[in-house]
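Asks: Sharing a structure, written as structure tokens. Questions coming.
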Amino acid sequence: MGFTLVMMAAAPLATEQQQCLLQALETATADTTVAQLRQQCAETVDSSTVVAARHDPNVREPHESALEQRIEDEQRLMGSDFSLTAHRNNYILPFTYNDTPNQAPFDPDELPLQRSEIKFQFSFKLPLTVPLFSDSGRLFFAYTNQSWWQAYNTDHSAPFRETNHEPELFWAQKVDWTLGDWKLPVVGFGINHQSNGQNGDKSRSWNRLVGTAVFEQGDWTVAATGWYRLPEDEKQSPQDTRGDDNPDITDYLGYGELGVIYKYQEHTFMGQFRNNLDVKDNRGSAELGWTFPLGNKVRGYVQYFYGYGESLIDYNVKTNRIGVGLEMTPIL
């Protein structure tokens, strides 16, 4: 499923361009046209957006946490008319190694799986509304694509073994609460669909109502996420296009996850943990990540996954995978 510590920054009440227009009206001369003011503010906003995009993620203001910096940067970018921003981290791992690939869904004569493959994730979000009710809440659409590509399996046309599509609609709200020494700056809730786009016995999908609370203390950020799976009718046959593809998925993926991030200078350490909390038949997973600077544009990324549910096709099969590659947009 990929790393799901989701940052959900909400934009200020007025967009950056609207704020600029209001300020410009106060000082404009009588012969200044609205078109001139719009052009002036458009240039100002474009310039500030470029500055925000070039902001060094490793340089923070004094006493500013990594999460506060992320929210501030997103607010700058979302002041522009088209504010497409990263949702989860975007990365590519050109080399991953899984010591026990799941051959069961595939004919071993047609596609004998290799242990080495490419894994990548593409994720973005887009605000759908101006802030409502207050200056700190907003509705977002997000989409995440995670793929596993048998690129080195050239004898069998190097196919994509699995691709998971995850569109979601969620409300993000800044709250600025405290819990002891921890701050609770952001909460969110929404609806999430995840599927692998397959049919027949390879089809996997589920729909969830999801709630998230994001906590932070200094260089630590913790996201606690819980979900309720929306029920589906039972399939009449394995080939039935309607009905539940995977009725036991919560036995393996549980009802929530805990994401942890620690920033140490220019290094970021990440962990995502799931468990079904079933004492008799306990199952879960752990995904660990480390990113480090390689230049101004990208970061190195090492990822390790162990357990159930790395992908939907493997939700009920244990995976043990390590991968190395590049991270293009960081979590924090």
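Cβ coordinates come from backbone N, Cα and C, glycine included.
According to TrEMBL, the record shows the following:
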type	residues	note
BINDING	S157, S203, D245	Ca(2+) binding site
ACT_SITE	H193	active site, proton acceptor
ACT_SITE	S195	active site, nucleophile
Asks: Select the closest residue to the residue listed as 'active site, nucleophile' from the following binding-site residues, measuring between CA atoms: S157, S203, D245.
Replies: S203
Asks: Counting only residues 6+ away in sequence within the same chain, which have a CB under 8 Å from the CB of D245 (Ca(2+) binding site)?
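Replies: Listed in sequence order: S203, R204, S205, W206, K235.
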Asks: What residues, ordered by sequence, lie under 8 A Cβ-to-Cβ from S157 (Ca(2+) binding site) and sit at least six positions away in the same chain?
Replies: none
Asks: Just how many other Cβ atoms lie inside 10 Å of the Cβ on S203 (Ca(2+) binding site)?
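Replies: That number is 20.
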Asks: Give the sequence-ordered list of residues that share a chain with the residue listed as 'active site, proton acceptor', lie 6 or more positions from it, and have CB atoms under 8 Å from its CB.
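Replies: Counting only residues 6 or more apart in sequence, the Cβ neighbours of the residue listed as 'active site, proton acceptor' under 8 Å are E166, P167, E168, S205, W206, N207.
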Asks: Which number gives the other C-beta atoms within 10 angstroms of the C-beta of S195 (active site, nucleophile), all protein chains shown included?
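Replies: Looking across every protein chain shown, the total is 17.
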Asks: Which of the three DSSP-derived classes (helix, strand, coil) applies to S157 (Ca(2+) binding site)?
Replies: coil
